[in-house]
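A short worksheet on the structure shown next.
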């Protein structure tokens with residue numbers, strides 16, 4: 001029995017609160033159970049130096065956790081004077097994932113930054129960030145079309161992510177913290193809405209996992225992501 005009584009295939013209760021803050025071009029509070037992440041999209045004219053003159057845009061991301069997002073307080077990275085390796089890895093993952101959702105040539109010379117701030121962490125913060133940021137990105141792009149900044153929407157489709165893992169020998173979808181901390185195998189999967197893989201991050205914490213277990217976990221992730229994409233689209237249709 002899982003802590004919240006879910007089935008092995010079931011994702012946590014999922015909500016998207018759009019237009020959560022008023023200044024950002026896209027702003028979404030995403031909640032996967034007790035994990036809550038604020039995702040804001042900012043649109044700016046211009047692109048990084050390495051893209052100037054190429055007629056395409058850029059999507060980047062920043063990620064951070066509030067000091068009391070977890071059980072005990074973690075000092076702000078700004079107070080330490082540098083970002084940690086985990087933070088850098090996660091924000092690069094978020095950016096890579098979101099770039100898979102849009103046609104950068106159609107975007108033109110604009111940069112969109114997704115700021116993902118974890119308000120409360122209970123497992124799956126990076127996958128929640130990707131999932132919520134994609135909705136914020138969609139809102140920002142829709143606004144750019146409505147304002148006449150873009151003639152065509154560069155969004156190719158939704159991108160979503162979920163964690164899967166093996167806990168006490170059982171393959172589970174969308175791990176919460178107590179499951180994640182006890183997992184023998186832990187994997188984060190990012191997919192497009194049509195089931196193509198953007199990124200797969202998998203680690204055996206204990207015993208190595210088999211090829212068959214890998215396929216089981218990927219199938220579990222696909223099912224979870226299908227559910228998540230439906231929720232993304234329903235939120236955007238409101």
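One is the number of the first residue shown, and numbering goes on along the chain from there.
Each residue, glycine too, has its Cβ placed from N, Cα and C.
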Same-site phosphate binder from 86, 99, given that Swiss-Prot records 124, 125, 126: 86
Cβ-Cβ neighbours of residue 126 (phosphate binding site) (radius 10 Å): 23
In three-state DSSP terms, the structure that residue 126 (phosphate binding site) belongs to: helix
For the phosphate site built from 86, 124, 125, 126, further residues of that chain with CB within 8 A of the site's CB center: 63, 90, 118, 121, 127, 128, 129, 188
